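As recorded in Swiss-Prot:
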DOMAIN    109-324  domain 'ATP-grasp'
BINDING   140-202  ATP binding site
BINDING   Gln282, Glu294  Mg(2+) 1 binding site
BINDING   Gln282, Glu294  Mn(2+) 1 binding site
BINDING   Glu294, Asn296  Mn(2+) 2 binding site
BINDING   Glu294, Asn296  Mg(2+) 2 binding site
Amino acid sequence: MKVLLIGGGAREHAIAMALKKNRSVELYTLMKNKNPGIYGLSKEVSFNNETDIDKIKEFAEKIRPELAIIGPEAPLGVGAADLLTEMGIPTVGPKKLPAQIETSKEFMRNLFKKYNIKGSLKYAAFNEYGENLEKFIDEMTGLGKDVVVKPAGLTGGKGVKVVGEQLKNNDDAKLYAKEVFEKSIGGGKIIVEEKLVGVEFTLHGFVDGENIVFMPAVQDHPHAYNNDEGPITGGMGSYSCSNHKLPFLPDDKLDEAKEIMKETVNAIKAEVGPYNGFLYGQFMLTKDGPKIIEYNARFGDPEAMNLLPILKTDFLDVCFGISNGNLDNINIEFENKATVCKYVVPNGYPICPVKNKEILVNSNEIEKAGAILFYASVNEENGKLVITGSRSAAVTGISERIEDAEKIAQDAIINFEGEIFFRSDIGTKKLIEKRIERMKELI
């Protein structure tokens with residue numbers, strides 16, 4: 001069974017590992033970097049830019065895969081799924097128009113407004129800096145609300161700035177909005193939203209165009225440093241619980257979030273056509289219930305490293321179910337295990353990360369600790385592993401109890417050497433209790 005995988009990060013390493021549990025899978029990967037984990041699982045690799053449509057087509061024509069899976073968001077944004085589908089290849093990953101649920105924040109917010117989907121918030125979209133933008137922010141100030149400034153396009157998870165975190169106040173938000181337009185960050189168009197107050201969580205679904213099958217809820221940790229301090233990153237780590245819920249998230253609020261995602265899938269289909277792929281909702285649990293912060297048209301990273309290792313059902317079957325609209329005939333199950341994932345990242349990340357420095361990985365000790373190792377933004381050069389400036393590698397601990405899963409991950413993550421750092425508090429009792437207390441305060 002020939003499977004084409006596009007992408008070379010830790011998320012794609014997790015996808016590759018899940019696929020290879022089925023011994024019939026022959027993996028062919030197109031990635032820009034030599035990720036040693038994916039490379040070792042692949043029969044053949046094409047080293048090319050993951051948004052190069054011509055190279056994707058060339059590689060697909062050469063290997064003639066029976067299934068294609070697109071990992072990152074960037075290839076989705078340039079129509080990789082459209083191309084592969086037109087070639088007659090069953091593809092996991094939404095086409096360019098449905099993928100706008102991630103690639104265009106304006107599309108997402110307008111969709112919620114048009115179809116009256118719950119969980120939205122006050123927002124406005126702007127093509128230029130001017131009086132209207134300033135007026136909207138001033139109105140938010142008058143309502144006693146802080147704002148969030150989001151470049152409308154893709155920024156690798158690092159373009160969003162929030163008042164009270166990266167921005168001092170709403171006047172500071174105006175200055176950042178001006179900078180976005182001047183530097184054309186994320187396409188030079190922005191969304192200004194009211195700032196939500198609460199606790200974040202993520203919810204994933206397998207989507208086959210009609211049906212959505214939900215995965216366990218996960219909590220990501222986007223801040224760079226312990227105790228949720230420092231700049232926003234692509235995610236420093238995440239945890240999930242053995243009951244597939246989260247300790248601060250009531251059952252009825254989880255059900256509300258699921259309903260929001262179901263309505264979103266239906267709205268996407270009505271607006272631009274069916275969505276076939278992984279859908280990841282980033283929510284804020286507020287005193288008024290769950291609100292959607294944003295959607296991603298692919299697996300979350302790091303969340304993929306929590307979810308895929310505990311998937312009991314054959315991932316290959318799930319992927320075919322997604323691509324052919326047949327998920328309702330598959331019994332998708334996850335192990336009742338807790339997971340904790342932690343990332344090592346370059347010093348200076350995400351503002352000014354070191355690059356092209358060697359990282360040493362003691363994989364034997366990581367294995368002894370009982371953790372799973374995932375390689376991310378690294379490149380294998382002349383037998384050495386070099387960091388490329390983004391998150392470098394991740395480890396996941398899995399156990400019956402979250403305390404034990406956290407210990408496995410922590411015992412493993414100390415087995416890296418180089419100009420790197422990590423968060424030691426992810427999955428700890430202290431940090432989880434902080435989330436619980438935060439929700440009690442709000443409610």
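The backbone N, Cα and C atoms fix where each Cβ goes, glycine too.
Annotated features taken from Swiss-Prot, shown on the structure.
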{"residue": "Met140", "record": "ATP binding site", "CB count, 10 Å": "22"}
{"residue": "Val148", "record": "ATP binding site", "CB count, 10 Å": "23"}
{"residue": "Gly164", "record": "ATP binding site", "CB count, 10 Å": "12"}
{"residue": "Asp172", "record": "ATP binding site", "CB count, 10 Å": "15"}
{"residue": "Val180", "record": "ATP binding site", "CB count, 10 Å": "23"}
{"residue": "Gly188", "record": "ATP binding site", "CB count, 10 Å": "15"}
{"residue": "Leu196", "record": "ATP binding site", "CB count, 10 Å": "20"}
{"residue": "Gln282", "record": "Mg(2+) 1 binding site", "CB count, 10 Å": "17"}
{"residue": "Glu294", "record": "Mg(2+) 1 binding site", "CB count, 10 Å": "18"}
{"residue": "Asn296", "record": "Mn(2+) 2 binding site", "CB count, 10 Å": "22"}
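Checking each of the binding-site residues Gln282, Glu294, Asn296 against Val148 (ATP binding site) by C-alpha distance, the shortest gap belongs to Glu294.
Taken as a whole, the domain 'ATP-grasp' (109-324) shows an average pLDDT of 95 in this prediction. Calculated from their C-alpha atoms, the gap between Gln282 (Mg(2+) 1 binding site) and Asn296 (Mn(2+) 2 binding site) amounts to 8 Å. On the backbone, the CA of Leu196 (ATP binding site) and the CA of Glu294 (Mg(2+) 1 binding site) stand 12 Å apart.
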